[in-house]
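Please read the structure below before turning to the comments.
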Amino acid sequence: MNSFGPGNWLHVGLLSLIALFAGVGCANYRLEGNVLPTFYNLTISLRGDANNPGTTFDGEVQITLHAVQTDVQHITLHKDDIEIADGAWLYNDTGDLLEDIAQSSLTYDQPTQQLTVHLAQTLTLNRNYTLHFKYIGQVQSGMTGLYSASYVEQQTGQTKWMLLTQLQRINARLVFPCFDEPAFKARFQLHIGRAGGVNATSNTKLIETIDEGNNRFTDHFDVTPPMSTYLLAFMVSEYRARGNISEIAVITRPEDYNKTEFSYNVAKSVLDAYGDLFQHSYKDLGNQILLHATTPRFPHNGMENWGLIIYKDTVLEHEPYYTDGWNDKEHTIRIPAHETSHMWFGNSVTFSWWSYFWLNEAFARYYEYFMAHQLHPEYQLDEQFVVRQLQLIFATDARASTQPLTSPEASIQTPSQIGYKFSSITYAKGASIVRMWRNAMGGANFDTAIRTYLEQHHLGNTEPKDLFTHLKTSWPAVNISLDQFFYDFTEQVGFPTIMVNISWEHSTITLRQRRFLLNPSDGSDANLRYTVPITFATNLSPNFQNLTPYTYFDKSVDFVQLSLPEPIDWIVFNLKQSNYYRVYYEPSLLNRIQVALTKSNHSEIAVENRAAIINDLFNFAYIGMLDFADIFKFLEYMSGEVDYVPWYAAYEGMARVAKRLPTEHLSNFGKYLGDITASVQKSLGVSLRANDTVLDVYNRNKQVAWLCRYQDQNCNSKVREKFESSSEQLSPDYRETFYCAASRSGSYARILEYYANETHPTERELLWRAASCTRDYRTHYQKEILGNANSVSLKMVGLAQLYEQNPDMITQIFLTVTENITQLATALDSWPKTAEALASMSDYFTTRTQQQLFSTFIDENQNLFGSSAETLTEALSNVDKHVSWTVENLGKLIAFLGQRNSAAGLTLVSALLVMTPLLTFLLAWIGSNECALNYRLEGSVVPIFYNLTIGLRGDADNPGTQFDGEVFITLKAVLADVKEITLHNDISINIEECSLYDAADQLVESGLNARLTTEEQTQQLTVPLTQSLAVEANYTLYFKYTGKVQSDTVGLFSASYIDEATMKTKWVLLTQMQPINARLVFPCFDEPALKAKFEVHIGRPSGLSVVSNTELTRTTDEGNNRFTDHFKVTPIMSTYLLAFVVSEYQARGNSSLSILTRPAYYNYTEFSYSVAERVLPAFGEMFQQSYQQLGNELLQYATTPRFPHNSMENWGLVIFKDKVVLEQPGVTDGWTQKEFTIRNIVHENAHMWFGNSVTCKWWSYIWLHEGFARYYEFFMGHELYPEYQLDQQFLVHKLHNALLRDSQNFTQPMTSPLGSILTPADIDYKFDKLTFDKAASVIRMWRIAMGEEHFNLAIQEFLQHYYLSSTSPTGLYVLLNDHWPVQESVLNQSYYDFTIQVGYPRIIVSLSLKDHMLSWEQQRFLLNASDGSDPTLRYTVPITYTTNLLNRAAIIDDLFNFALAGLIDYVEVFEFMEYMSTETEYIPWYAAYVGMERIAKRLTPQQLPNFNKYLSDIAVTVLDKLGVGWTSGDKVLDVYNRNQQVAWLCKYQNSNCTNQVKELFEGGMEKPSPDYRETFYCAASRSGGYSRILEYYAKETNYIDREIYWRAASCTRDYRTHYQNEILGKGNSVDLKIAGLAQLYEQNPDLVTPIFQMITEDIAQLAEALESWPKTAQALSDLTDYFTTREQQQLFSNFYKESQTLFGSSAVTLSQALATVDSNVQWAEQRLGKLVSFLAQRNGAAGLTLVSSLLMMMCTLWNLWLK
């Protein structure tokens, strides 16, 4: 009776779907199998020679084949990048020509790379035919097919070229037309035509060489055994052989001959050993030779071509003293052992398809370790396998991104799917499973099974079932299904944890299992079960050698119980971690195991099990099953551990923990580490010994590296003593570790000297890395990294070494680097590399303070980085994740380390310091009096007046690097007994004279410069006096000095531009003193509350003019073409407001108000001047205090091409970046630009009152400046220019942004405690967006709550009361409170809640429909409630409401954030937004698109059509209203709204939008406005206008419009053409290429996969186009941020594994990107499931979606059924 089981319903269902989708074809990447090849006669004629490899070659192939089916009238095979010019010829088995096949009878399918030869007649079944092709092939630039490599011959200095092949996986088709699948085995005879002077080697013996004349020769090789196409190989070079090339030899360049003796001996011994093991010698396989060849350029360590194994040079070559250490030799043993095993596994017996690829690589990796162990037991590779392969692969196999060893054959079809199988799972897991089988069945049984398997399938193809047949035949009798056992670990993913519970009372043990997952919520199937072997040992029977299973844990049972015959002390499972699972011991048992490990010889517990327990414990802690404190307590046993393998596991486990420990706790960690390493340190010491075992050498390396890095005094002192007393030659294994420790311990100069004197390139790099371990980071950074002597790659490595090797100094190093980031960018020749360097450094950040430092740096400097700023933003996000992880996971460990080291109290405080930013400030406040360094001035002396003269040394053609200075500071003592004057002075100022005068100008003390003391870190200069100053008496302190023109944009610095009339470079000198950079220009009291008046005098050359804060009074001719300009005395003001600009600028305006810019830009300032004219009087009227009444009659605006911010509010001289106030007609004069100009001018004008006249007492209160400036920027801007509706825009541009930032744990309060803001980094921390945007939002709240009239009166009185003085938030509070409506005054608590507290609440509203009652409650809103923020904070808030729906943008923004925080599902947000089908206003749409941006970016390409449909539906009304065209009657927000609608709708393929744009563009419309130009042209390029826009780009001369056209053209969907012609071409700059590449996928998110595949087809091409591997890494990192599927993740992972060596140190960028992809995909899997279903169902496509999701399965099964 037939049952209708699962297979049948699936079959019927799929047939129905196939019928439904009969028109949907599936590309078939597999050959049909109706024709089989048996022989290839292949001739390759090379056109190049040793001096020129050529770019093409000539090929000719005759393929003997036969049909295995009837009625075959076409032959399909593979080709790629081969040009077949003359068709083909078909011959019969007697050599008669049957068909001269025309070119028209050849058809080619590019995606599948299949060439079909259509025949005039059918082939006779099983009769041999010969198919003949002549063709031209390409010498590839990548490392696939036939490609070239080069090296420099040491003796002559000549570049030598070689040609070689790499045909695995599917690259034989790049060299000749062939049946390029592993099952299509055939014999090959190869003939290589070459130039004289080079020789050819191939898979088989050279038979003869024929002289063809004209210095051309043809080498003819013997016929190969039957083999797969990917194993064919040849090499053409000038190489020399060690050994007999007719049997076995190592082939390398002649000069390296002496480096191959060791590898040659290994190669011989390995080959013989395999013959003995398999009882089938190599020659019996069918090939007489085995050559091992080296190459300087290869994509892998080695490739197993039958008879010609090719390796990277480094695998086989050992240079005495440099590359002949134990590590090098181990590598040389393992890799040839691996590749040689392939002669049996892969070459003789080949998998039938790539889905079974592990049948090759699992055995090769297994024998790589265990055959190598047999031949070289001194390396103990059997033990090393456990920690370096098994434990390593556990991490991969515990994630959703893992894969089974055996994939369904039909799921591995395309090139990328085949690449997917080349994963570490295939190698390391495969080898671990083979080891498990071997140990479970017994070595002898296993060897028998393998021999019979190899014998039966010699020269054939197999599937896993063929192997299993032989394993089962030799397996001892067991009571489980071996088929199930094999299935569980080859076709299932993952592995189990065996949970061990013991009843001590009843001597019974219960075992349970569950799948081990690093993240159970990542979409993995947690219910998988496995049949596993159970082995164990006890204290009564501590036999760790018998690996035969005691029993098997059958997956079908819930638990296994073991009864012990008598009580035990301990039991350990999974002997030698022989089987593929983890073991979790209940706490009481784990404690007993720890006790056993502390006993003599660790109670005989095997090293593998000690390592296994350690590795398991760390992983259980990572997933929250145990706390890290428990692990570190367990590791106390290691104080008696001396073996390498357990220490390897321990350090692997500790690496992540140590990296995430806050710097203040590293000393406790170092103490712990020193204690538990006591025995191993004593055993090994720091010196090499004659009786060292290999693992002793490895172990010492680890111990010294870790202990000295974490400042173990014993380690450091012994290294220092050894280094200073001995000059013995160190082994290459240990040299870098030892020298690194020596450099760190004080021998930096000597190591650097070694580096300078060394000539060997490898050794030089080693010594550079070692020198870079120094703790004298400032010297190394300033002299070596910023210097010009070293390459950029070395500088990158050196910088990384500084903080990686000195993790406790990461903050100081970051501050040093970011003091002047432009210096580093100059040293690294690139802002992208600088971003990469900072991102890598920030990966070591561990505290919120470091996070905030980084955040502040990004906010202030991101404009410098251009598109690379995204690297910093991503890095900042990673820092937040890391610090959150520390807070959540390491609290108990930190407490344990502190308590253990007798520092419990300190540790408690420190732990709280990490957890709560508010406590950070509180503790800083409490502890400020105890701070070793006092950054604040004492306040015993105050300045009154500065008479400052600056003498510039440069001119318009050369700004100079120094200036001369002279300052007379009038001051007074306000306290008694003042015998020293302390003020600020940067070390870049060199003081030559210092004297003190009294009020009558009588000299009081002279020669003070000899007694001056400077504190470099606090930048404080102390002038010691011989007598006390009289209280309240005026004195004048005089300094004469020289200063430095800074290279960065601080202090006095230079900027340049090209004069368009003369094309000469013109220089500008200007200042930027905020926040604490006046001290870079003159000695001063550089704190905001220490206000004074200033009189400035600037000495300059002729031809330049000077402007400063006040009016120019006179100019003095000093002779020699030098002049001095004298300026009026300023109002009383802070030092940071002083400014001057020296330039050739031209002014627009008059003596009271003007704009100064370069003469060529004069006409671009008309609009900004008109704004300035309106703004200043408006503020005077609002505040009832005119600008002139403040004390300055002059207000000037100066522009500059180089500035750290958009603008700076220097009193009387506001400095702007050019782009802020310059409007170029038709280019930069759109609505957006004008709004930008309005807001910035309003903002800086507001500062004349808020900041300049009324100043904060200290930087903790900087929001009193910036909060009001930001508030008026929008609301005064709105009053003067209501058409911009800036009152509404404020909500979405500032308030919503502030809410997002303030809901995360790196937020900060508006008012920080005084004692927490002391250092320069602390001060920078306050210049945060919250200081601007949150403060403005809170001010707006106060204004609305108290009423505008009350608010304005309070502000007027505040400005009058504190005129020309300093205040704190209390001063503002008093005046706001005075004017608050009495009946509503709750300001006291509310003021505190929003200025001193962090965060804000969400109000939860409930409505009772029954009694019409509203109720509400509040909770603090947090995006991540577990990030360490205090969720209990509460706030006093005003409540307002309406029954009219005016708050649409706020509701939308709130909903998206509630969904982001997990309070609601995104589907609820999207359901709510259905209302927007009638919404036409910009503000709600802006909020919607901001919210949707993250969602759209995380949707997969398959999900995007449903999103597009949704978007099209809800935007139908607004698109109908606005259209895609533009009119003169457009309102400003209509322009903005159209911009975002067209950008989004056309990007997501809305046909209405695309068609309208296309029609308008093709209809010859006028040029769009600057606001809309890029959006419109981008949409036009995407919809077919690419060529025309590229033409616009080519003809445009204005650089701004050129960049717009470039970005717009780069929106094209014809990505391949744009990439090949424009991005890889020579005509565009690297920056444009990077921007263009990003546009391709950002503007076409559905095409991101094919774009990635296109780029990575030959990544070397992109690296060449971008002139840098770091830039290429960053470009790929940016691209993969748009990856949304596990398939894309796997593509990237495969690429990374195959290509990471190309990227050098930049591979870390790819590694971080890969982690980001995993995080992004996990987020989407966890958060977007319901939304995806909703979009599909909403669009009436639930069934369609189901079909789409099954489409790949259909293709798979369809192909199977066809077979």
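Yeah, the Cβs are placed from backbone N, Cα and C, and that goes for glycine too.
Because TrEMBL annotations are produced automatically, they should be read as predictions rather than curated entries.
As annotated by TrEMBL, signal peptide applies to 1-26.
According to TrEMBL, the feature domain 'Peptidase M1 membrane alanine aminopeptidase' maps to 262-486 (among others).
According to TrEMBL, the feature Zn(2+) binding site maps to His338, His342, Glu361.
The Cβ neighbour count for Tyr427 (site 'Transition state stabilizer'), using a 10 Å radius over every protein chain in view, is 23. According to TrEMBL, the site 'Transition state stabilizer' annotation covers Tyr427.
Residues or ranges marked as domain 'ERAP1-like C-terminal' in TrEMBL: 570-879 (among others).
As annotated by TrEMBL, domain 'Peptidase M1 membrane alanine aminopeptidase' applies to 1168-1378 (among others).
Taken from TrEMBL, the feature domain 'ERAP1-like C-terminal' covers 1444-1718 (among others).
Marked as transmembrane segment by TrEMBL: 1740-1761.
His342 (Zn(2+) binding site): 23 other CB atoms within 10 A of its CB, across all protein chains. Residues near His338 (Zn(2+) binding site) in space but far in sequence (CB under 8 A, at least 6 apart, same chain), listed by position: Gly302, Ala364, Arg365, Tyr367, Glu368. Cβ proximity to the Zn(2+) site centre (mean Cβ of His338, His342, Glu361, cutoff 8 Å) flags the following additional same-chain residues: Glu304, Glu339, Ser341, Phe345, Gly346, Asn360, Phe363, Ala364, Arg365, Tyr367, Glu368, Tyr427. Across the fold, the C-alpha of Tyr427 (site 'Transition state stabilizer') and the C-alpha of Glu361 (Zn(2+) binding site) stand 5 Å from each other. Every protein chain considered, the tally of other Cβ atoms within 10 Å of the Cβ of Glu361 (Zn(2+) binding site) stands at 28.
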